[in-house]
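The structure under discussion appears below in the form of structure tokens.
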Amino acid sequence: MDRIKMTTPLVEMDGDEMTRILWQMIKEELLYPYIDLKTEYYDLGLENRNATNDQVTVDSANATLKYGVAVKCATITPNGARMKEYQLKEMWKSPNGTIRAILDGTVFRSPILVRGIVPYVSNWTKPITIARHAYGDVYKNAEIKVPGAGRAELVFTAEDGTETRELIHEFRGPGILQGIHNTEKSVGSFARACFSYAVDTRQDLWFSTKDTISKKYDHTFKDIFQEIYDTEYKAKFEDLGIEYFYTLIDDAVARVIRSEGGFIWACKNYDGDVMSDMVATAYGDLSMMTSVLVSPDGVYEYEAAHGTVQRHYYKHLKGEETSTNSIATIFAWTGALRKRGELDGIRELTAFADKLEQACIRTVEDGKMTRSLSLISTCENPVILNSLDFIRAIRATLDNLYLLK
Ligand code: NAD
């Protein structure tokens with residue numbers, strides 16, 4: 001077959017450790033043979049972030065704004081140990097945080113379902129997508145460790161100098177304090193991203209907060225969602241026969257567990273952080289979770305939800321065999337290629353993305369998988385493959401799918 005031509009480049013953000021190794025294998029085995037791959041390459045590996053004083057991360061995010069679609073490999077977020085390991089000039093911020101701040105997006109995470117890997121919650125037969133607000137709250141907080149007795153107040157000074165005050169607490173002894181914020185603009189973007197994604201994927205949207213306790217903060221989230229729904233999306237939802245539904249977070253948790261899945265659950269920043277790990281684990285494996293950042297201007301950045309799989313990388317460096325699951329990283333590529341195909345009207349590219357995803361799922365359903373998948377699979381005699389052989393097995397399935405056509 002002729003290699004598929006692309007018209008607009010994908011923004012390619014390379015990353016670190018084991019996922020960087022998989023990245024190269026995926027391109028060589030599963031992309032170059034089929035696509036005349038056009039990318040604008042940014043090396044977000046920690047060494048290059050350090051060499052460019054992290055400018056490369058900012059440049060890659062700006063390129064994403066320019067072209068509209070990016071695919072990102074997992075990257076190290078430095079901590080004390082990484083400072084020493086990579087002799088860093090500074091403890092560079094999380095690239096994901098920097099990119100999210102520039103794109104102002106919402107992160108959608110969905111599990112990849114495969115027959116033979118049964119969710120811990122047995123009635124979850126369809127994927128649950130978590131939409132996490134990616135700005136503010138406890139992630140942009142101000143904190144004080146209170147040394148002793150004193151009065152804590154929340155003070156807002158308007159531009160004209162007028163002050164609004166609210167007593168937080170009269171401390172009688174040491175304690176802790178935290179101030180958090182959000183903006184109507186960001187919550188509005190979050191709401192629009194969720195409603196648009198629900199329309200795009202034709203799924204119901206659930207949203208939950210703790211508005212009974214937080215009568216101004218969380219209630220504002222609820223009100224903004226309702227107003228945007230009523231004025232901009234209600235008609236579209238009704239046309240498609242999908243539903244928007246708000247409930248308290250504790251009620252949502254109970255309903256989610258009883259549900260069969262197949263909807264989007266929009267969560268505030270912290271709730272989404274926690275719930276996405278719970279949902280990923282309950283579906284079986286973090287390495288089977290996809291993630292896409294969608295900005296309010298319709299810019300998309302696709303990645304795997306997992307990290308750089310550091311432990312496997314150290315084995316790889318010692319020359320030992322690894323069996324790392326590349327499926328979520330492959331799905332980051334297929335998500336990005338499909339979106340590029342849709343935007344540029346290249347049907348072959350969209351069809352290729354569908355086929356490659358199908359090939360990943362079939363390979364596992366045929367009993368060929370990586371070690372971590374074999375541990376949770378009901379398949380009786382799984383064939384456990386190393387990282388490269390697993391990718392090659394997917395390639396063989398893909399070739400078969402093309403032959404069958
Ligand atoms: P991790 O996701 O790399 O690993 C967590 C656990 O899941 C490990 O036991 C790992 O072996 C297993 N695992 C994850 N993906 C797997 C896969 N594809 N195949 C087989 N097993 C898999 O997270 P971590 O160990 O907490 O972090 C390692 C590095 O990744 C850190 O430096 C962290 O900063 C970074 N990180 C990056 C991102 C990102 O770029 N999106 C996300 C999380 C962590």
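A Cβ is built for glycine as well, from the same backbone N, Cα and C atoms used for every other residue.
Taken from TrEMBL, the feature domain 'Isopropylmalate dehydrogenase-like' covers 9-394.
Positions annotated as D-threo-isocitrate binding site by TrEMBL: Thr77, Ser94, Pro95, Asn96, Gly97, Thr98, Ile99, Arg100, Arg109, Arg132. Look at Ile99 (D-threo-isocitrate binding site): DSSP puts it in a helix.
Reduced to three states, the DSSP call for Tyr139 (site 'Critical for catalysis') is helix. As annotated by TrEMBL, site 'Critical for catalysis' applies to Tyr139 (among others).
Summarising the annotation, TrEMBL assigns site 'Critical for catalysis' to Lys210 (among others). Its Cβ placed at the centre, Lys210 (site 'Critical for catalysis') has 17 other Cβ atoms within 10 Å.
Following the DSSP three-state reduction, the secondary structure of Asp273 (Mn(2+) binding site) is helix. With a cut-off of 8 Å between CB atoms and residues at least 6 apart in sequence, the same chain places Arg132 near Asp273 (Mn(2+) binding site), listed in sequence order. What TrEMBL lists as Mn(2+) binding site is Asp250, Asp273.
The secondary structure of Arg109 (D-threo-isocitrate binding site), as reduced to three states from DSSP, is extended strand. With Tyr139 (site 'Critical for catalysis') as the anchor, the candidate binding-site residues are Thr77, Pro95, Gly97, Ile99, Arg109, and the one with the nearest CA is Gly97. You'll find the Cα of Pro95 (D-threo-isocitrate binding site) roughly 32 Å from the Cα of Asp250 (Mn(2+) binding site). Confidence in the domain 'Isopropylmalate dehydrogenase-like' (9-394), given as mean pLDDT, stands at 95.
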